[in-house]
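Record features, source TrEMBL:
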- B:1-218: domain 'Tetrapyrrole methylase' (DOMAIN)
- B:L9, B:D89, B:G92, B:S117, B:V118, B:L168, B:L203, B:H228: S-adenosyl-L-methionine binding site (BINDING)
2 protein chains.
Amino acid sequence: MLYIVGLGLGDERDITVRGLDTVRSCSKIYMEAYTSLLSLGLDPAALANLEKLYGKEITVADREMVEDRVDQVLSKAADTDVAFLVVGDPFGATTHTDLVVRAKKMGVEVKVIHNASVMNAIGVCGLQLYRYGETISIPFFTDEWRPDSFYEKIQNNRKLGLHTLCLLDIRVKEPTWESLARFKDHFLPAYGRDTLCIGVARLGSDDQKIVAGPMEKLLDVDFGPPLHCLIIVGETHPLEEEMLEFYMIK
Amino acid sequence: MLYIVGLGLGDERDITVRGLDTVRSCSKIYMEAYTSLLSLGLDPAALANLEKLYGKEITVADREMVEDRVDQVLSKAADTDVAFLVVGDPFGATTHTDLVVRAKKMGVEVKVIHNASVMNAIGVCGLQLYRYGETISIPFFTDEWRPDSFYEKIQNNRKLGLHTLCLLDIRVKEPTWESLARFKDHFLPAYGRDTLCIGVARLGSDDQKIVAGPMEKLLDVDFGPPLHCLIIVGETHPLEEEMLEFYMIK
């Protein structure tokens, strides 16, 4: 059996009781390093804390292993109980859907143990989850490569009055106002300097930071280390507004 | 301090280790009955299992208590540590945003302990979470009251090729094909009998049921007891299609 176990968003204590019992009962434990690197990840202290709680050794599976040598993991899971640990919820990343597909094709049984991920924990900001449109990822900007494929999606959400969750690539060089503004040349404006946004850092951790305010003003806020995401706020209900007040930049 | 603790989707073992430690350290524990009723809820056996794991007594807070007599809960939380348990993640329902707002206004500190909810666990179907549009709720249909406010939202999602998560009210009398089809009179068609859908029951429980197929064919599937939700599938990527194959009705 292959157990894909979500670890949640904070530290080792955010695993569920079901997840912990499962991990302790497995004979081999892998931890996915690629997306994990993005949060608690490969910090040796964090890994040691996990191993201590589980009473088990963890094999860190780098991206190459997950994507190319996954058959090793799966053939082990055909004979014995294997846990594959994933930060957040198992289906936050495409990689893990692929893992399930490959397991099922090999006839390996899969059980998923869910946990919190950015996709639901972002509700802590006070905006209702069902009022979000399509989620977008903003990749790393370089001088040569400034992708804009996400822009149309924001625009579609804005037209419908929906909130937009923007996941920021960890290596992102924060786009400057100028780089965002240049879209004005070939797109109709979907947001402006004054558009209400919420910046979120380290969601679900003890030191998470949430600040709401006009987009331009958030540029001056030091959010500290990643993970970061940004919400472009759509039409709001009074209860959402009350909640946002607590996070509003002064 | 008021701790709002998500219990996740299955049974008592889906609380996180952090959540369990917190509940055990609190002097008073409330459990929100209104949304909880929708899943593990007020089944006395389920409640007894929670109390056994926590080693604490739980006060079930009905909707009236949560919405009208919440000041009692909050004034207790001003003096001592109080846990408020919520099935899924704390911000799945508007009620809990309101609780946080009221707590903050009274100067009561709030800490949230996240967990899985339908909004992210639905990823288990294989459709990528960032490809969902606005989530809709389909309320209880009666002979006199057949709301259609959700229809336009489905249509907007469909136009953009996005998936639509439809949360079905627990008291829902399943809409018949005829009642859904009648929208043809005054709306442009957004879906038809053949539109690919996924029916999901008891997501995150051991006996969850996931069946994909044309909308019309799903009407003949016995999904068993609630909670139920339906996904109207938008444009799909090859990996999503591979995953859906495993759930496809034969």
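Here the Cβ of each residue, glycine as well, is placed from N, Cα and C on the backbone.
Since we're looking at a predicted model, the values are computed, not measured.
Locations of recorded TrEMBL features on the structure.
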residue : record                               : contacts (Cβ under 8 Å, 6+ apart)
B:D89   : S-adenosyl-L-methionine binding site : B:G6, B:H114, B:N115, B:A116, B:S117, B:M119
B:V118  : S-adenosyl-L-methionine binding site : B:L9, B:G88, B:G92, B:L165, B:L167, B:L203, B:G204, B:L227, B:C229
B:L168  : S-adenosyl-L-methionine binding site : B:S137, B:I138, B:P226, B:L227, B:H228, B:C229, B:L230
Quick one: mean pLDDT on the domain 'Tetrapyrrole methylase' (B:1-218)?
85
Count the other Cβ atoms sitting within 10 Å of the Cβ of B:H228 (S-adenosyl-L-methionine binding site), across every protein chain shown.
21
Three-class DSSP assignment, B:L168 (S-adenosyl-L-methionine binding site), comes back as strand
Widest Cα span across the S-adenosyl-L-methionine binders B:L9, B:D89, B:G92, B:S117, B:V118, B:L168, B:L203, B:H228, in Å?
18
Select from B:D89, B:S117, B:L168, B:H228 the binding-site residues whose C-beta atom falls under 8 Å of at least one C-beta in chain A, and return them in sequence order or as 'none'.
B:D89, B:S117
